[in-house]
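Some notes on the structure that comes next.
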Amino acid sequence: MTSKHVAFYITGGIAAYKAAYCVREFVKHGYEVRCAMTKSAAEFVSPLTFETLCKNKVVSDLFDQNNDSQVAHIDLADWTDLAVVVPATADIIGKMANGIADDAVSTSLLATDAPVFVVPAMNEKMLTNPAVKRNLKRLKADGIEIIEPDYGFLAEGYSGKGRMKEPKEIFSYIDEKCRAEQLIDLSGEKIIVTAGGTVEPIDPVRFLTNRSSGKMGYALAENAAAFGADVTLVHGPVRLADIPGVEMVETVTADEMASEVLKRYEEADVVIMAAAVADYRPEKFYDEKVKKSDGDWNLRLVRNVDILKLLGERKTKQKLVGFAAETENLLENAQKKLTEKNVDLLVANDVSRKDVGFGSDENEVFLLFRNGAKKKISKTSKEKIAQDVLSELSSL
Ligand SMILES: Cc1cc2nc3c(=O)[nH]c(=O)nc-3n(C[C@H](O)[C@H](O)[C@H](O)COP(=O)(O)O)c2cc1C
């Protein structure tokens with residue numbers, strides 16, 4: 001991991017001193033580092049600290065060209081493989097979200113096409129201010145990754161959310177992503193991912209659905225795209241932001257999801273069925289809201305199409321990844337699904353557990369392969385599970 005060029009953008013928060021530890025961590029692990037600082041950041045820590053740590057001149061004044069033929073902030077933007085804004089003030093977050101370029105840091109950030117990680121650090125009330133929340137949401141929608149602040153003791157003397165993630169954690173998170181990207185190359189692969197639960201309407205106001213949040217499928221799609229794949233995400237109604245660079249296809253019912261997947265199947269190299277597709281739907285859709293009566297209502301359900309099974313039957317060149325969400329006999333049921341549905345890799349998880357699975361940011365899964373091999377991924381983030389699944393897939 002020696003060739004990556006990492007640009008640090010340090011802005012004027014009390015946590016600016018921690019950015020020095022971050023820079024040191026990256027330098028120590030062989031990354032090439034350059035830094036840019038705002039005028040406010042230089043009030044907290046001297047540019048000399050960063051110049052000494054990264055052995056490069058700090059870019060801080062938009063108009064000081066240092067008698068160089070290069071324009072310093074553009075040169076930095078072009079040189080960058082990945083950018084880290086740390087600590088990120090409410091101010092720089094607002095500027096980035098709105099395309100403002102009025103100093104060396106904001107202008108250089110606007111000029112880079114490298115992936116950007118933003119590490120906010122601020123007072124809890126600033127962090128929960130609607131304007132800051134709106135700006136962070138906009139950055140996420142623009143494909144910028146936010147390394148969320150922790151809850152902890154703040155410089156103001158009380159505890160709250162807003163404390164910058166520790167430098168070692170920031171390093172591990174970014175470093176792991178870089179390693180995964182180097183190891184997993186999915187360029188040229190056409191991948192369809194499905195995510196979320198489907199919704200089966202009963203009448204204009206009632207429907208049947210399940211507890212799937214879509215987070216696992218979204219993590220898979222986002223990471224597959226980062227590893228170079230051409231990704232289409234066919235999803236049910238979920239509360240998650242669109243992923244930049246991924247073709248987003250919104251569906252509601254299992255039938256709609258099936259038809260969107262099938263119409264792209266022939267062209268696809270891989271299909272990852274992470275959606276929780278409803279097995280049944282109401283036999284009849286009532287055009288008008290069904291009036292309640294004193295008696296009971298027996299709702300008859302009919303079988304939905306089994307998308308995974310259909311894909312297994314029609315498989316030619318494609319690799320198929322299935323998910324099994326079970327509440328009992330996890331491995332036994334998953335193994336059965338793998339064989340019966342002609343799947344290449346099956347990800348099985350126990351959805352009876354409260355701490356992982358549906359809705360949670362974490363999961364614990366077993367990977368089952370066609371040759372009978374099994375691998376356990378102990379409780380970790382869905383992001384990490386997505387990377388592990390894609391890594392297995394790339395070596396299938
Ligand atoms: C002592 C002190 C501590 C500050 N800490 C923070 C902070 O942690 N987070 C933040 O967003 N702003 C903080 N500010 C406010 C910023 O310095 C201010 O908004 C400034 O305009 C940011 O400029 P920059 O984004 O160009 O660096 C602090 C200001 C002072 C005086």
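Keep in mind that glycine also has a Cβ here, set from the backbone N, Cα and C atoms.
Note that TrEMBL annotation is computational and uncurated.
The region 'Phosphopantothenoylcysteine decarboxylase' feature in TrEMBL is assigned to 1-190.
Summarising the annotation, TrEMBL assigns domain 'Flavoprotein' to 4-175.
Annotation comment: TrEMBL describes 186-394 as domain 'DNA/pantothenate metabolism flavoprotein C-terminal'.
Taken from TrEMBL, the feature region 'Phosphopantothenate--cysteine ligase' covers 191-396.
Residues or ranges marked as CTP binding site by TrEMBL: ASP279, LYS289, PHE323, LYS337, LYS341. Within the same chain, residues at least six positions away from LYS337 (CTP binding site) with a Cβ under 8 Å of its Cβ are LEU308, GLY322, ALA324, VAL343, LEU346.
Of all the binding-site residues listed (LYS289, LYS341), LYS289 has the fewest other CB atoms within 10 A of its CB. Long-range Cβ contacts of ASP279 (CTP binding site) within its own chain (separation 6+, distance under 8 Å): ARG303, ASN304, ASP306. Residues ASP279, LYS289, PHE323, LYS337, LYS341, recorded as contacting CTP, have a largest CA-CA distance of 38 Å. Under the three-state DSSP scheme, PHE323 (CTP binding site) falls in the strand class.
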